[in-house]
Amino acid sequence: MKVSTIESGEISKGASSPRKGMKRGLSIMDFILRIFAAMSTLGSALSMGTAKQTMPFATRFVRFKVSFHDLPTFLFFVTANSIVCGYLALSLVLSFFHIVRTISVKSRILLVFLDTVMFGLLTSGASAAAAIVYVAHYGNPSANWFPFCQQYNSFCGRISGSLVGSFIAVVIFMILILMSGISISKSKH
């Protein structure tokens, strides 16, 4: 029966196994969260992009209708959510690569950098749209902007719902960035 001893400077193979298992778990969670964020941004873009309503009455020359493309802020919101959804779909490949190969660090650094850029884009689009939705619901009496959600309640319901999905994706991005930072820091030690 042979007894093997570990000399100083050697690392046993069993010591890296828990760390590798934790990194694999983080990578699997990263993959799942990216899928949820992609679905959330896609739902938000579709909900806002199809939001329109026509008033049931019309005058002889004027027909009262509202659509998302009437406001440039909503166009930016749809564009930002679409770009982020496309990025998330493409980043699933890299996220799956991290499940298979847990020791890759450079690709994780690239992913955390791009995640941060997309987080900023998504946050700016969602925040700008939230400001317009607030004015649509409550108006601004000092600027003489009247709320119009009482007349266009279906439209306002859709745009408010699309904000929920977008802000869920913002929270998921915060979690993804933190998890990537943890994964990168664990690989340096």
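Keep in mind that glycine also has a Cβ here, set from the backbone N, Cα and C atoms.
When the topology recorded in Swiss-Prot is consulted, K65 and K186 turn out to be separated by the membrane.
Long-range contacts of the topological domain 'Cytoplasmic' (95-108) within the same chain, counting only residues at least 6 positions beyond its ends with a Cβ under 8 Å from a Cβ of the stretch, are 20, 23-24, 27-28, 30-31, 34, 180, 183-184, 187-188.
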